[in-house]
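Undergrad: Before anything else, here's the structure in question.
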Amino acid sequence: MQGTKTSVKFYQVAATCTPSANLVKVQEVASWLLEMNQELLSGGSKRRRTGGSLRGNASLSHGEEEQMNRVVEEQEGHCVRNPDGSGAEASSSTSDEAQVATAEEEENNNQITAEAKEENKEEEQEDGEEEMDQDSDDFEQSDESSREEDSTNGNDVTDQNYNIDIAVQQPLAQLTKNQMKRKLDPGPEVRSFSSGKKPCKGSEYKSTTGLVPCSATPTTFGDLRAANGQGQQRRRITTVQPPPELQDWLKTFQSWSGPERLLALDELIDSCEPTQVKHMMQVIEPQFQRDFISLLPKELALYVLSFLDPKDLLQAAQTCRYWRILAEDNLLWREKCKEEGIDEPVYIKRRKVIKPGFAHSPWKSAYIRQHRIDTNWRCGDLKTPKVLKGHDDHVITCLQFCGNRIVSGSDDNTLKVWSAVTGKCLRTLVGHTGGVWSSQMRGNIIISGSTDRTLKVWNADSGECIHTLYGHTSTVRCMHLHENRVVSGSRDATLRVWDIETGQCLHVLMGHVAAVRCVQYDGRRVVSGAYDFMVKVWDPETETCLHTLQGHTNRVYSLQFDGIHVVSGSLDTSIRVWDVETGNCIHTLTGHQSLTSGMELKDNTLVSGNADSTVKIWDIKTGQCLQTLQGPNKHQSAVTCLQFNKNFVITSSDDGTVKLWDLKTGEFIRNLVTLESGGSGGVVWRIRASNTKLVCAVGSRNGTEETKLLVLDFDVDMK
């Protein structure tokens with residue numbers, strides 16, 4: 001009973017406190033709340049730069065907490081409360097300035113609240129809310145985990161931040177100034193209203209205490225709450241009637257001077273129980289909640305939002321109408337798309353407009369589309385694939401996929417051009433007199449190499465053979481196309497450089513003493529691997545061998561070249577990384593148990609597939625094996641082909657499956673293709689993937705699986 005009376009008394013005292021001095025003492029009780037507000041403005045952006053989330057209730061790191069405690073101790077040393085109230089007098093002027101700033105912010109909040117209420121009356125708001133919900137549907141799972149984390153932080157915030165003071169305001173101003181490096185001079189007393197924000201009209205209100213009439217200008221904490229429309233929102237004590245002496249006690253309190261009131265508040269706080277202090281915070285807390293994004297100029301608000309992850313941006317867009325407008329900024333989403341490698345915006349025709357002048361971001365649409373596509377790859381329903389039958393029961397030896405055009409080469413001496421959209425065979429390229437074992441494609445130009453010792457240049461649109469390139473004396477086993485030049489490697493141990501526009505042989509590179517099995521060309525250097533265990537680096541213009549890379553002890557079957565590093569895979573089970581300029585071996589990657597039949601290199605990340613049924617992910621800068629794709633869901637036979645992007649690794653195998661893996665974690669995601677004849681002869685020979693489609697060349701060598709192409713579609717409809 002005594003505790004309840006204390007809560008009633010304190011609330012009445014707080015409501016009659018003048019903002020100039022008495023409010024400071026109440027603020028000390030709610031110091032954790034002030035710190036949370038400052039954390040939003042200063043700490044959030046700093047942590048975002050290191051990968052953290054921008055959340056108002058995020059806890060301090062150990063180092064930040066120690067620094068804050070030092071600031072608090074220094075301030076306490078400068079302002080010691082004395083029984084005569086001298087310490088309180090020293091902080092009186094500072095408190096007056098702080099209260100003026102608080103009142104200005106309250107007025108701005110009131111203006112934003114008034115505008116939000118007016119906008120909520122507009123009929124088109126329902127359409128906007130539905131669309132905001134739709135935008136964030138794809139991130140629902142991530143949002144749920146974020147909310148759980150936020151809930152945990154919210155429960156612990158009192159303990160973590162109770163000792164934090166408002167001294168972070170000065171470092172905040174300096175930090176913002178240094179980071180932005182902009183000229184911002186709004187003036188300390190002038191606050192311009194953002195577009196669409198309406199100033200509030202003069203307020204008329206009644207005192208929450210009922211003791212004194214209120215003037216047009218708020219003078220007490222209770223008046224400020226009433227001016228902000230929060231006078232009726234506080235938790236009222238209804239279980240006990242106010243004691244008769246309460247009114248006299250309050251009048252006595254009002255008759256005291258500022259220092260005397262501070263002293264009385266000090267004593268009152270010290271005599272309160274924890275539950276009563278909690279009640280004080282519940283009364284005071286709403287006054288220190290700030291929509292800091294709406295209070296900032298648009299440029300600064302967008303700068304803050306730029307540190308959010310896309311999924312957090314979509315969630316922020318559902319906060320209010322103004323946040324929705326900011327979170328739709330096209331330049332903001334263009335940068336998010338750039339980070340994800342998305343280079344084309346998506347323009348969608350909208351049936352309804354949320355508000356006149358509101359523009360949907362094409363870059364945001366592009367990001368959402370890509371996220372939905374990635375979700376389809378990872379866990380979407382697998383649609384029935386298109387089946388492209390051809391080449392009878394022959395082996396599909398090479399496969400190319402670009403745009404909506406698929407080209408398959410076979411040992412039946414032909415190539416076929418297919419539509420990836422309709423699945424129809426557009427034309428069959430006939431002319432070789434031996435099996436086709438290598439091919440390349442650029443635009444509507446196709447180049448093929450055959451056991452008939454020739455290369456042919458085809459027009460994919462017409463099916464016409466433009467050039468037949470003669471010169472090799474044995475099977476053309478490999479080739480690589482760069483712009484209008486193609487380099488071919490043959491079992492005759494030579495390489496030839498051709499101009500595909502004229503059909504002329506420009507250069508012949510001789511030096512290998514066995515069949516050339518793989519070749520790479522970047523327009524400046526040619527790198528070749530052969531059955532003589534050697535890797536050679538060539539200058540094609542002078543036809544000279546710059547380096548012979550020796551180290552492998554068996555045939556070289558695969559190569560990757562990024563202009564700086566040469567990566568070679570061999571039957572000796574090792575993978576070697578070489579410096580193309582010096583010819584030195586930088587790393588020898590060991591771990592596979594058999595032939596490395598296929599590799600792909602992007603941005604210093606190498607993925608290798610091996611006949612030992614495993615796939616490994618390497619960092620070629622350090623030589624470290626980052627992941628081995630194995631476990632209970634690993635392939636049961638030799639890996640035949642692979643491809644990867646920033647998120648996924650796709651692998652195919654002689655076991656008749658195509659598997660999807662997570663590039664970063666190495667975890668198995670799911671099977672994309674599983675042949676019924678897998679394990680009894682069904683084989684996936686080749687795979688090629690685009691952003692939205694996967695093409696698989698399947699068949700068998702014993703007749704258990706019909707030769708065909710399977711096309712899986714993971715695209716989404718953004719209408």
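Including glycine, each Cβ sits where the backbone N, Cα and C put it.
TrEMBL entries are annotated by machine, without manual review.
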Undergrad: In TrEMBL, one of 180-214, 215-249 is tagged region 'Disordered'. Which stretch would that be?
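TA: Here TrEMBL associates region 'Disordered' with the stretch 180-214.
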Undergrad: List, by number or range, the same-chain residues at least 6 past the repeat 'WD' (632-671) whose CB is under 8 A from its CB atoms?
TA: 340-341, 374, 377-379, 594, 597-600, 602, 605, 607, 609-615, 617, 626, 677-679, 682-689, 694, 696, 698, 705
Undergrad: Summarise the repeat 'WD' (429-468) by DSSP state, stating how many residues are helix, strand and coil.
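TA: When I sort the residues of the repeat 'WD' (429-468) into the three classes, I find 0 helix, 24 strand, 16 coil.
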